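This report refers to the structure that appears directly beneath it.
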Amino acid sequence: MNQIKHVDNNDLKEKINFECETGNYHTFCPISCVAWLYQKIEDSFFLVIGTKTCGYFLQNALGVMIFAEPRYAMAELEEGDISAQLSDYEELKRLCLQVKRDRNPSVIFWIGTCTTEIIKMDLEGIAPKLEAEISLPIVVARANGLDYAFTQGEDTVLAALAQRPNAKQLEIPLEKAILTDNDYVEHVPLILFGSVPDPVVNQLTLELKKQGIRVSGWLPSKRYTELPLINEGNYVCGVNPYLSRTATTLMRRRKCKLIGAPFPIGPDGTRAWLEKICTVFNIEPKGLQQREDEIWEKLKYYVSLIDGKSVFFMGDNLLEISLARFLIRSGMIVFEIGIPYMDKRYQGAELQLLQKTCKEQNIPIPIIIEKPDNYNQVDRIRDMKPDLVITGMAHANPLEARGINTKWSVEFTFAQIHGFTNAIEVLELVTRPLRRNQKLEKIGSQRYTDRR
Amino acid sequence: MKLAYWMYAGPAHIGTLRIASSFKNVHAIMHAPLGDDYFNVMRSMLERKRDFTAVTASVVDRHVLARGSQEKVVNNISRKDKEEKPDLVVLTPTCTSSILQEDLQNFVNRASIETQADVLLADVNHYRVNEMQAADRTLEQIVQFYIKKAQKTKQLDITKTIEPSVNIIGSFNLAFHNQHDIAELKRLMSDLNIKINSIIPEGASVQELKNLPKAWFNIVPYREIGLLTAEYLKDEFDIPFIDTTPMGVVETANCIRKIQYILNDNNADVNFEKYIDIQTRFVSQSAWFSRSIDCQNLTGKKAIVFGDSTHAAAMTKILTKEMGINVVWAGTYCKYDKSWFEKEVGDLCDEIVITDDHNLIGDLIAKVEPAVIFGTQMERHVAKRLNIPCGVISAPVHIQNFPLSYRPFLGYEGANQIADLIYNSFTLGMEDHLLEIFGGHDTKEVLSAGLSVTSEDSEIKWNLESQAELTKIPGFIRGKIKRNTEKFAQAQKMETITLEIMYAAKEAAA
């Protein structure tokens with residue numbers, strides 16, 4: 001179990017400065033995960049059980065997608081539901097039958113919200129009964145704003161999926177579908193977890209194949225009916241930094257062994273991720289140094305734009321540690337890493353890589369602020385005047401108007417950023433405001449407010 | 001429970017926040033879970049605001065659920081009081097806090113002992129009212145509060161201004177073309193020699209609310225938000241108000257005549273008929289335009305109209321009375337305003353539809369197959385799917401409906417804009433129709449080899465996986481990716497393109 005020891009590094013706390021603020025920050029509601037998960041799991045339907053507020057958020061945040069006949073909807077609670085004049089079971093049955101009739105999905109996900117928490121609607125209790133009655137799997141995930149931020153919504157859904165027992169007849173090994181030859185090393189099955197677009201799935205699978213490692217399955221798979229077989233003793237490894245509940249569920253409920261690795265974001269992260277998996281399987285990694293160097297060579301132009309520049313993460317999607325580590329390696333100075341929630345165990349290897357990266361780049365380790373306070377952060381941004389602030393859309397325009405370059409953090413969630421191939425996408429995003437503003441510099445004043 | 005994919009009107013707290021954040025130096029604190037501050041994104045993105053939105057959340061999390069908010073809300077209010085020094089803090093309940101049933105009024109009372117700012121609890125019930133009703137009520141509540149406060153401190157001055165003057169009630173953020181409408185109204189008032197006493201709430205300070213009674217009359221351009229305030233001012237100070245929306249030349253004239261009536265009632269002795277005549281015949285182009293030969297082609301064309309009650313009713317009137325277009329049905333999602341809507345447009349269309357179910361609207365549109373649709377962004381998307389032209393005339397809206405250029409819907413310039421909107425929607429439809437009859441723009445095949453490498457002149461094969469991957473790439477760049485990959489493969493002397501080669505080519509191209 002060396003991978004667990006690896007995570008539990010005691011001297012981490014001494015070297016990295018963690019702080020916790022008030023939690024008054026802007027982020028997306030975790031129900032937003034339906035936006036990318038319904039596209040990822042092609043035969044699914046997501047039913048968000050909540051109020052008009054939830055619906056309004058989804059409708060506005062997801063913009064155009066809503067009109068593409070989305071496979072998600074609101075089960076909008078009315079006054080009768082709140083005061084328990086209506087039976088939850090009957091109401092949900094009615095809606096789910098309607099969904100089944102109209103869309104014929106292979107699975108319905110129920111997304112619990114703040115309201116279902118507060119009125120203590122027993123979704124987990126109702127689901128198995130209704131599932132049997134309408135013969136359609138129902139997976140319950142509590143992705144609410146009382147407990148979670150933004151991307152953690154995916155974590156609740158994947159953790160719920162990880163708890164589903166294996167459906168025996170449904171094994172469709174991934175390698176049969178996309179890999180033709182068989183030069184793999186013998187090893188315990190490896191399952192990767194984290195929702196990434198299909199091209200990224202293929203890219204990461206191929207990178208591991210180059211090392212002779214076979215990926216037995218992904219959680220989630222393209223279709224619900226193709227969920228991977230997960231057996232006791234299997235190895236699992238995360239590709240996203242916000243999946244701590246899923247990791248815990250796989251370890252505790254499915255008795256899998258977690259490979260605690262940095263996340264495959266940036267060429268440095270991807271290499272460290274691959275190397276860690278290789279180490280676990282006693283494989284000597286081949287060609288990774290060269291591969292990483294090649295990628296850095298291709299990133300040269302972008303690195304030259306940000307080298308020596310400073311960046312401030314306000315924090316809202318939990319990708320912050322990995323992104324900061326990659327940007328530090330690219331020569332940037334990170335003033336502050338805001339993050340909604342910091343799982344020091346699950347992100348242990350990533351934190352170590354951050355530490356190592358700072359040491360090698362010879363810069364102090366940035367402060368990590370959990371549950372940040374946006375008001376205080378804006379104050380600090382005024383003092384520090386970073387070259388770039390990575391922030392949510394609520395603050396982007398006001399900061400730009402004050403002459404501060406910003407990048408919307410949400411874009412990192414929706415862009416393809418994993419693996420060697422996509423390292424360039426991250427820097428493309430990070431440098432976009434800098435490149436844009438270089439072009440606009442001639443207009444004159446960078447400030448567009450008369451206040452302050 | 002209701003299965004809902006889309007909604008026309010937002011939740012109540014959005015309405016309260018729109019009013020609170022429209023005022024100058026008013027701060028709203030939402031009693032809400034993390035992520036409910038999406039309003040800030042909308043204001044910052046849709047309206048491209050340069051300032052931070054004066055809305056923060058007093059976050060409801062697990063601890064609050066277990067132990068109640070206790071000091072949290074009070075502390076958050078006094079913190080904002082110190083940080084921002086607002087004139088007023090509006091504590092805004094959300095759907096979450098309404099079911100928690102905490103005594104928010106008690107928090108407000110306690111906080112206001114310590115704060116410099118006034119503190120109010122927005123009086124809205126999440127499960128009974130929607131965004132617009134809540135906004136209407138919040139505006140009334142704030143106005144009432146400051147009038148009463150002035151009465152108490154004997155600072156209320158109800159002497160009318162010497163010159164005729166007006167309050168415009170209905171200027172707020174995130175509303176449909178509102179900024180332009182207000183500018184147009186100001187221009188109209190200045191043409192009529194009427195002084196603007198106050199425009200509320202956008203950009204107004206709560207301190208100036210005590211001056212509202214000085215105006216001779218009030219104008220409420222949109223009936224969704226502002227009527228309650230106008231009615232309150234009428235009851236309290238006998239200030240007459242006009243709720244005729246000056247949209248379209250006919251209704252603009254009606255509105256001006258009502259102003260004339262009120263002014264003359266106060267011995268101002270004005271006659272605006274000549275003004276109306278000149279504006280209608282010469283300044284605004286739309287009356288002449290609808291008589292011009294081009295518009296003959298529109299006679300009897302089938303249209304449907306859907307939106308909030310203000311815009312849908314006004315649009316129906318313009319289409320039928322001013323342009324001779326046949327409105328098959330007109331509808332609104334403002335269900336609570338049914339009787340008014342029926343009274344206004346009952347004679348002008350074949351049928352009236354009152355619903356907030358967008359599926360029903362979609363089905364009705366498909367059934368009627370109108371030549372044109374005037375609706376919200378939702379109808380625009382329905383129209384796209386059915387290949388029917390559509391003009392957007394009402395919220396809910398997208399960022400495109402916050403244009404930079406001057407696009408009022410009200411007044412004489414508004415009439416021009418609307419005429420353009422109507423005409424352009426129809427001509428596009430006509431063009432489309434003709435194109436279909438004559439079989440597209442150009443029937444000749446494009447023979448140039450420059451656009452895409454065709455399979456004949458390329459010896460490179462794509463294996464199944466890479467072909468599948470290629471089809472996932474959006475159409476408009478697929479050709480380019482295909483060519484680049486093939487070029488790359490040729491350079492590498494590869495004969496079959498695999499996924500690896502595709503990704504390698506992507507990396508190389510970077």
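Count begins at 1; order follows the chain as displayed.
A Cβ is built for glycine as well, from the same backbone N, Cα and C atoms used for every other residue.
Annotated in TrEMBL:
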DOMAIN    B:12-426  domain 'Nitrogenase/oxidoreductase component 1'
BINDING   B:Asp36  [4Fe-4S] cluster binding site
ACT_SITE  B:Asp294  active site, proton donor
BINDING   B:Gly429, B:Met430  substrate binding site
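Distance between Cα atoms for B:Asp294 (active site, proton donor) and B:Asp36 ([4Fe-4S] cluster binding site): 50 Å, as a whole number. Ranking the recorded positions B:Asp36, B:Asp294 by C-beta neighbours within 10 Å puts B:Asp36 at the top.
Following the DSSP three-state reduction, the secondary structure of B:Asp36 ([4Fe-4S] cluster binding site) is coil. For the domain 'Nitrogenase/oxidoreductase component 1' (B:12-426), the model gives a mean pLDDT of 94. Classification of the residue listed as 'active site, proton donor' by DSSP places it within a helix.
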